[in-house]
Structures are given as structure tokens and as C-alpha cells.
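Novice: My questions all concern the structure below.
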Amino acid sequence: MAALHTLWMGLVLLGVLGVLQTRAQAQVSRQPNFQQDKFLGRWFTSGLASNSSWFREKKNALSMCISVVAPSAEGGLNLTTTFLRKDQCETRTLLLRPAETPGCYSYTSPHWGSTHDVWVVATDYEEYALLYTAGTKSPGQDFHMATLYSRTQTPRAEVKEKFSTFAKTRGFTEDAIVFLPKTERCMEEHR
């Protein structure tokens, strides 16, 4: 069960930022003129899509969580995410290391020990952000995830449609896309 929890946390944290060029993901677009200072603050994980078998099995049991993005001393970002686990609130922090391109970050997966790249594909900074994450869990097992971050717990229908369209362009099918249900549990820590 701890491994499943770590995977869920990794999935949430994966989705949070950046754009790194990798051989496999060279076609991933990114937010032009990304402004890290505008990206800081509170975000709700509102939508996810992933090729992970664990995600596909557990997606209906997941609920919205909250993340706070803050600058790190190294010029990257500290991503602190609070979520409900076994009827208790749990908080984890992940260091997103900056790449050469603004908005590009990478991190080491606490579950797999591998490096994952994160792209901020699109954001208006005030309402939503679309993110894409890619990495390798183990030899021959590539990991991909699309994430919708929202500044509120109730993203507009147009934003949700934008996320669905984006996820489908990255190869996710309709059944691999989930919008996480709103919850009040574990949200008060970051209000």
C-alpha cells in the first residue's frame, strides 16, 4: 500500500511544471515566455491522464489535492502537495530542478529513482496550467502524464475541454482522462 501511495504522490507531483527537451518528447510544446514568478502560489490538481497501470486501476478513487509552488534556493521550485491518504492528510515536498529553457524542470522520482521531465505546456497564470510529464519507470517502461492545474476547485468547462483536447493530442484516450472530484478534506492547510 505504501508503494501505491508513493506512486500516487509521484503522479501528482509529476504533473506540476516545466519543459525539458528529451529525445522521446521533442515535440512537446511549452508556454512561450514562461514567467516562473507568476506560476508561484496555490494550485489544485483538477485533471489527470496517465499511461500508468496503477493510475488506470485507481483513478476512480482519487480526489482533488492542493499544491503550493514556491521558489527554491537553486533557482528551481519547491512543490508541496497535500492530499488525502487513508482518511488522513499527508504532505510531501518535491524539488523541481530548472533546465536551461524557462519553465523546464526535472526531478528524481521518489518511487522509481529515475529522472522525470516536466513541461508547462500552457498557462494563463491566473486560472489554469496544462502540464506534461515524461520519464522512464524502468527499462522499457515509459511514463507519461498530463495534468490540469487550476487556481480554483471548480475550473470552467472551457478549461476542462482545453485539458481534454491537450491530453488527447498526447495520445491519451477518453477513458485515461479523469477530472478529480472536489473535496474540502486536506485543503485548509494552504488557504
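Cβ from N, Cα, C; glycine included.
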Novice: Which of these links to Cys186 by a disulfide bond in Swiss-Prot: Cys65, Cys89?
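Specialist: If we follow Swiss-Prot, the cysteine bonded to Cys186 turns out to be Cys89.
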Novice: Between Asn78 (N-linked glycosylation site) and Cys65 (active site, nucleophile), find the distance joining the two CA atoms and give it rounded to the nearest Å.
Specialist: 16
Novice: In Å, rounded, how far does the Cα of Asn51 (N-linked glycosylation site) sit from the Cα of Cys65 (active site, nucleophile)?
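Specialist: With the alpha carbons as reference points, the distance is 20 Å.
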Novice: Using DSSP with the three-state reduction, classify Asn51 (N-linked glycosylation site) as helix, strand or coil.
Specialist: coil
